[in-house]
Structures are given as structure tokens and as C-alpha cells.
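Taking it in order: structure first as C-alpha cells, then the write-up.
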Amino acid sequence: MIHLPRGTQDILPGDSEKWQYVEDVFTTICHQFNYKEIRTPIFEHTELFQRGVGDTTDIVQKEMYTFNDRSDRSLTLRPEGTASVVRSYVQNKLYGVNTQPQKLFYNGPMFRYERPQQGRMRQFVQFGIEALGSADPSIDAEVIGLAMHLYQSLGLKSLRLVINSLGDQESREAHRQALVNHFKPHEEELCSDCQQRLEKNPLRVLDCKKDKDHPAMQDAPKILSYLTDEASEYFNQLKKYLDAMGIDYVVDSNLVRGLDYYNHTAFEIMSDADGFGSISTLSGGGRYNGLVEELGGPNTPGIGFALSVERLLMALEVEGVELPVNEGLDCYVISMNDEANLKAVELVHELRKHNIQVDKDYLGKKMKAQFKTADREKATLVLIIGDEELQQNVVQVKNMTDGIQETVDHKDLVSYIKDRI
RNA sequence: GCGGUUGUGGCGAAGUGGUUAACGCACCGGAUUGUGGUUCCGGCAUUCGUGGGUUCGAGCCCCAUCAACCGCCCCA
């Protein structure tokens, strides 16, 4: 038997309804916030991610699904959404259209070659938004606000919003130097990963879990102490806006995001619900003011976030949130014999044209078994056709909730049903 | 990439070397002729993830392989 590739999943009826529901909520909220959908290809030139996501990141170094096509082009299944959206923004010159900032959203599968575990798939689905063309902290607050609103409107309670500022270029450089100076004397005591991080990206040392109890961690230089006045003011503005929106947050100066393009605002939303396992990050995002230029566009600020649908559904599950997915069928048509079945075929098609959700038996089952099926399908009404009904041009309509059965004339059937579903 | 646990019918799950692989749920059929959700009766795995090996004999032992789950790393 051939079965699905590692780290992928089939989403079957029973679950797919939940996905549809969550997707609908996301789309609706994006429209309320005036974000428009953008759809980009699922694969791109490998170079886009090398430049956009950053050559030093784990994603590019060891997690990309990269392959050569028949013309020997190097292509990569997208590991995240932002690079593609920015590429499209530049290529289609969206910086030139009237409405700025461009507020975009996307929803689709991403691919990373990782060891699967709970909440981490090789193919996973992200909802994301990107706002391009504004460097106003109020739009940072809007992006965060949209994310929080989405979770809360779905019914999640145990949420924790963590924010940080990574500062601008100048802040980061000063901080980087301070980190190197701080950790250099302790280099021998740090784990091998951190020794490498100290060279390539000292910021990441702060994120290390092995060395988190090392004394040098406790008094390590905080980025927030190295922010320029301008960057600091930007961060303060953001906090002011979040306060005004009534959004709770904690500042965590050790919050570091894994992608190279971030600066200024960085944030993550975590679940604090019990039983969530080791992976508690539901979504993350931040500002990426240099990215558009890096990808060949004009100097344009941008901010976005992405959330994992898999983890969102996990969070709903562990918090015991029941999504209002419609489960029951409106009508089930039962026929007693071949002649009645002919009538059933006609009737079912007719009712469907009137937007009534209806089904019938296709296995030639006996009446009793057809009733069982109707029951299992949670049909509200059962329509019964037998010889007598055929003769009199009526159907029996049984309400499965209260058991009451009435004889209904064909010409009255549609309105009769519509009154009861 | 590394470590741990696991893999028996549609699902859950007994079985730890010896004739026909428990049980529960689900499903299908029946309990006098056209009515469901309860009850009763009956049916439902030549086969134990896959491929090798050991043995007179393996679901149970060994090796490999694939997969899932959990953790590390990292992330959404």
C-alpha cells in the first residue's frame, strides 16, 4: 500500500469542516480589517528564499524542499509566505498603486523538511497578512490586533502575547557588539551551538535553552537598552496603541525570531493551555523594513504575521472549544421499491435546486436500513415514498426530532420543508 | 540531524514460541409483511506495518526498513 509522505496529512470529512470554518472566519476578519487576498505560487525560485528569508537561517540551511525542474532551474516549495508576497509586490509594482499601504492576506500550504512531531508538519498551512508601505506603529498594532481578534473570536482564552523590539540597523549593531563583548569571556563554557551563534548571529544565543541557566545569560545586554531614541520611541508608540486597543502583552527582551529580515517590532502569540506539548507558539510576526529593497523594490517598510492552522486547531481542541460546524442533513428520501426510487431521484434533484440539502439511498437498502442511514446522517426530515404515496401524489414527511409524520402534497413540499429546516 | 516509545480487522485493544488470533465499538443481516435512535440473535482478520533471518514451529526472538507519537534543535 502506498501511503502519504512523512509529515503530511489527509484532512478527512469530520475534520475538513473545521478547516473550512476557520478559513471562513479568517477571511471574514481580514475583510473587516480591509485586507485583500493575494495568491502566489506554491513554489518559487530558490534564490528568493535564500535572499528573502536569509542564508544563515535554519530554514534555508537545512529545511527547504529544493529540486531542479526539467530545465534545471532550482525551485523550492515555499517554506513561508512573506518572501513570496514581497516578491509579488515588487514584480507587480504594487508600490505604485493608489491604495497604500497595501494590506494583503494569504492562506495556503508551506513546506519545511523537518522531523515531524505534534504541531510540526512537513506540509502545514499558514494564514498570514502583510501590510506594505507604512512605517507607522499603529499598523503594527493593527496586525497584532487582527491576530488576537481572530483567536479570541474563535473562542481561545489561554493566550499570551509577547512583544519585543529588535530595533533598527544602528540599534542592532550596537547590541550585537555588546553581546559579543559580553559572551566572549565565557565562550568556552557555552554549548557548541552557541559558540557558533556568537560568530554568526549573537542574538540567537539569548534564545538557547541549554545555556539558559548560565550566569552570563542573566545579565546579558538587552536589546531594549541599545535602542536608538528613534527605535525606542517607535516601540513606545506601539505599546501605547496596544494599550488603547485593550490588548494585553508582555515584553520579552529575549524574544528573537528565526528569520533574518525582522527589525523593530517582533511578536509571538503563545498558548498557555495545559497539554499543549512543547510547542506553544501559535503565530509570530514582525516588521521587515529592508526586505522589499532586498528583493529589488523601492525602500518600503512592511510588517506581517503568520499563524499555523494546525496549531490553531490544536489549541481549540485542548481548550475544548466546539466549533459551530453544521453536521446534520436537511432531508433524507426513503423509497420503498424501484418505482418509488424513480420518484426519489426526481424529487431529490428538484429539492436540491431549491437549495435544500438532501440525500437518498444508493445501495438498494430496505426501508428500515434507510431509516438507520437517515438517523446516522442526522437528517432533520425524512421523506417516504411508497406505492400509496405514488398513487396519491404525496409524500410522508417524518420529523426525526419529534417523530411526527404528516402527509404532504407534492405541490406544497418545498415550502413545507423550508418551514421546518 | 539526534534520542525515546510504538505499529494486531474501519476504530480501540488482548495475546510475550506451539493446533481454528480474545473482547469492546462501528458496520451488515434477522427478530411475520411500509418506519430510526433501545434490546436480543447472527455475521464480520488464511492474518498480526513491510522485507529478510533464527526455529520442527513466530503476532510473539533477531536484523533491516517504513511510519506514527513524544522529546532535542528550530520554528508556524
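Each residue, glycine too, has its Cβ placed from N, Cα and C.
When A:Arg70, A:Arg112, A:Arg115, A:Arg160 are compared with the L-histidine site residues A:Glu80, A:Gly81, A:Thr82, A:Gln126, A:Glu130, A:Arg257, A:Tyr261, A:Tyr262 in TrEMBL, the one appearing in that site is A:Arg112. On the 0 to 100 pLDDT scale, the model's mean across the domain 'Aminoacyl-transfer RNA synthetases class-II family profile' (A:20-324) is 90. Long-range Cβ contacts of A:Gln126 (L-histidine binding site) within its own chain (separation 6+, distance under 8 Å): A:Glu80, A:Gly81, A:Tyr106, A:Asn107, A:Gly108, A:Pro109, A:Met110, A:Ala306, A:Leu307, A:Ser308, A:Val309. Counting every protein chain shown, the number of other Cβ atoms lying within 10 Å of the Cβ of A:Tyr262 (L-histidine binding site) is 24. Secondary structure at A:Thr82 (L-histidine binding site), taken from DSSP and collapsed to helix, strand or coil, is helix.
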